[in-house]
2 protein chains.
Amino acid sequence: MRRLALTDEDVAGRKLVLSWFRDAGLEVTLDRIGNVRARRSGLDDSLAPVVIGSHVDSVATAGRFDGCLGVLGGLEVVRTLNDQEVRTLRPIELAIWTEEEGCRFGTDMLGSAVAAGRITEAQARSLTDAGGISVGAELDRHGLVGPVAVPVTPPAHYLECHIEQGPILEAGGYEIGVVTGVQAILWHRLTIRGRAAHAGTTPDALRHSATLAAALVTVKLDEMVKSGRYGALLANVGRFDTAPNLVNIVASEAVITIDLRNPEEDAIQRASADLLAYCREVEQRTGVTIASEITAHTPPVQFYDEVMDEVEATANRFGLSNRRIMSGAGHDAGEMAAICPTGMVFVPGKYDGISHNPREYSTPKACADGINVLFQCAVSFANRS
Amino acid sequence: MRRLALTDEDVAGRKLVLSWFRDAGLEVTLDRIGNVRARRSGLDDSLAPVVIGSHVDSVATAGRFDGCLGVLGGLEVVRTLNDQEVRTLRPIELAIWTEEEGCRFGTDMLGSAVAAGRITEAQARSLTDAGGISVGAELDRHGLVGPVAVPVTPPAHYLECHIEQGPILEAGGYEIGVVTGVQAILWHRLTIRGRAAHAGTTPDALRHSATLAAALVTVKLDEMVKSGRYGALLANVGRFDTAPNLVNIVASEAVITIDLRNPEEDAIQRASADLLAYCREVEQRTGVTIASEITAHTPPVQFYDEVMDEVEATANRFGLSNRRIMSGAGHDAGEMAAICPTGMVFVPGKYDGISHNPREYSTPKACADGINVLFQCAVSFANRS
């Protein structure tokens with residue numbers, strides 16, 4: 001339930017999965033940023049592989065399906081090909097991407113972004129967690145710096161099966177989601193500096209509360225979401241730290257993170273600009289200073305018609321009800337779409353699709369449906385010359 | 001700058017001060033809650049003593065004057081009497097009170113409240129800090145449980161010299177504040193429970209963000225203060241903790257503390273009631289639950305005309321400009337006023353009286369003025385049969 005990227009728990013989970021990969025006869029290698037590649041040979045190993053991937057790192061209060069379904073589903077595809085003694089024209093490779101969640105080092109899809117070339121290896125290694133420990137130091141400590149160069153050689157196709165993490169498929173009674181792309185994601189970190197003061201004797205007019213300023217921004221974001229002026233905007237203030245964080249002292253500093261999502265890049269940029277403009281208002285009103293930093297930004301991603309059509313046709317052939325759906329969450333597939341034909345298969349989650357929560361759940365049937373579609377698509381693409 | 005009550009740093013500070021007390025010939029004892037009493041004999045030790053006291057514990061980002069001025073000022077009174085070989089009719093005792101700030105265990109004026117009988121020894125010992133360590137465990141660990149029973153035998157008078165911790169004296173050019181009492185203080189701790197969810201995929205209508213709820217309460221408090229509908233209300237949200245406190249997860253829990261101050265008990269009670277009523281609105285609006293707990297409440301305290309008149313007359317005799325002023329901060333004198341004639345001497349602080357901050361400062365002249373007045377009042381009361 002808690003395997004923050006590159007912690008001992010995350011690495012223990014990786015090792016267990018890699019032992020299963022090797023049992024399945026896969027040849028395991030690592031790239032420079034710790035991404036796993038596990039290869040099943042094809043009839044012609046000179047051809048670019050079809051890659052099936054996802055992640056096994058988790059948020060701090062995770063569910064059991066986010067990421068793991070795609071990795072273990074890929075393993076099931078390989079095991080099934082082995083059991084049936086089926087050879088494919090192209091190699092099939094399973095990928096496990098490093099720090100997909102971004103919860104520890106502040107940038108999500110980190111490993112796949114480095115593999116796809118959006119972020120350099122040096123930039124990624126220099127990122128640090130709340131304790132000041134760097135990605136590079138953790139990769140070195142765990143011996144996860146592998147020989148495969150980044151950016152990686154583009155695969156023939158990239159496929160990923162994932163739980164929806166939302167309520168749409170379950171509410172509509174759909175068994176499969178044909179993912180059309182990933183909505184834009186923009187993360188801000190605001191560092192607010194006020195002035196520590198005695199909470200009993202400092203007149204209100206002389207207070208510069210960093211906590212009040214952070215609260216005003218938090219409430220404003222909720223108003224922006226509900227205003228409808230930014231389309232399907234979502235916003236979350238996830239981290240909210242204040243100092244000195246004591247009952248009778250006006251806070252001198254607050255650090256908050258803001259997670260914005262929107263299917264439209266222009267709408268998320270308008271929301272971001274209006275938010276920062278409001279920060280200037282808050283500075284005027286409360287006498288604090290607000291420094292903002294963009295810690296993550298991924299524009300909307302459009303997946304490939306070729307892959308969407310294959311997923312849709314396969315689901316229909318199996319008689320699985322399906323609809324096209326845009327992903328609300330970021331995924332490694334969004335990074336891979338920059339370098340090769342890419343698509344995703346969504347399966348419904350229970351309880352309004354609750355995710356990043358221990359209650360996250362997809363039924364065995366829902367998971368099997370998704371992996372059956374993944375299998376057929378992978379084999380189909382792996383047999384194309 | 002950081003001696004949170006009953007930490008090793010606080011106890012190290014106490015030991016240093018006690019060594020100075022003993023060098024001044026004082027007989028040092030402890031009561032059951034770790035309050036220090038250091039006695040200078042009078043001509044008639046059967047008479048109740050005049051007690052001069054304050055505290056040496058601090059907030060996490062303290063100044064050097066809050067509390068220490070009153071304790072070291074009392075020591076200077078005793079040293080001066082020793083130097084001049086002056087005997088007083090009544091004994092004079094110096095008091096150091098335990099956990100005045102309330103920053104570690106959540107209840108301020110804890111030691112003096114136990115000494116005065118407002119809080120029982122058992123209640124006080126059972127209070128715990130953020131790490132679950134109890135007052136009782138820390139008192140036992142440091143060997144601070146003394147023989148003096150609580151509640152204590154009432155002194156003849158209680159006097160305390162303290163920095164104002166506000167801007168009023170400095171702004172008006174006053175050298176001495178004749179303290180008329182202490183405004184009411186009411187602390188709430190709110191525990192807000194929402195639901196953890198994925199920040200990218202959970203529709204806004206299905207979110208129950210504990211952080212948003214806490215922010216709404218924080219902004220509402222600021223509106224209440226500025227509305228003027230509660231007289232001279234002050235409010236501070238000092239602690240603001242959320243869980244899991246990660247960028248892309250809607251917070252499932254938030255704990256915030258609220259510090260309300262008001263010269264009028266009825267006004268602070270109205271503010272408290274309206275705040276809790278607003279919490280019910282926030283529950284409806286955001287789908288969270290908000291549990292509230294009062295962690296501290298001291299009604300307004302009125303000091304004694306007899307002591308105020310003596311402080312005022314002494315300041316006038318020394319040609320020190322002075323005014324009557326109500327204390328914005330809680331003080332141990334507020335507790336002692338429940339069991340004996342009590343008063344305080346304020347000295348001005350620089351920089352708008354900034355306090356609970358390392359910039360806190362009173363000039364040597366300001367401190368000397370206050371302690372001179374304290375000396376004269378103490379000797380005057382100590383010579384009354």
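All positions are counted from 1 along the displayed chain.
From the backbone N, Cα and C atoms, a Cβ is placed for every residue, glycine too.
Annotated Zn(2+) 2 binding in TrEMBL involves B:D66, B:E101 plus, out of the candidates B:H331, B:H356, the residue B:H356. Zn(2+) 1 is bound by B:H55, B:D66 in TrEMBL, and the record lists one more residue there from B:H162, B:H188, B:H198, which is B:H162. In this entry, B:E101, B:H356 stand out among the binding-site residues B:H55, B:E101, B:H162, B:H356 as having a C-beta under 8 A from a C-beta of chain A. Reported as a whole number, the C-alpha separation between B:H55 (Zn(2+) 1 binding site) and B:E101 (Zn(2+) 2 binding site) equals 9 Å. All protein chains included, B:H356 (Zn(2+) 2 binding site) registers 30 other Cβ atoms within 10 Å of its own Cβ.
A straight line from the CA of B:H162 (Zn(2+) 1 binding site) to the CA of B:E101 (Zn(2+) 2 binding site) spans 14 Å. Per-class residue totals from DSSP over the domain 'Peptidase M20 dimerisation' (B:183-282), listed helix then strand then coil: 39 helix, 36 strand, 25 coil. Cβ proximity to the Zn(2+) 1 site centre (mean Cβ of B:H55, B:D66, B:H162, cutoff 8 Å) flags the following additional same-chain residues: B:S54, B:F65, B:G67, B:C68, B:L69, B:G70, B:E100, B:I163, B:H331.
In this structure, B:H55 (Zn(2+) 1 binding site) belongs to neither helix nor strand by DSSP; it is coil. The Cβ of B:D66 (Zn(2+) 1 binding site) has 27 neighbouring Cβ atoms from other residues within 10 Å, across all protein chains displayed.
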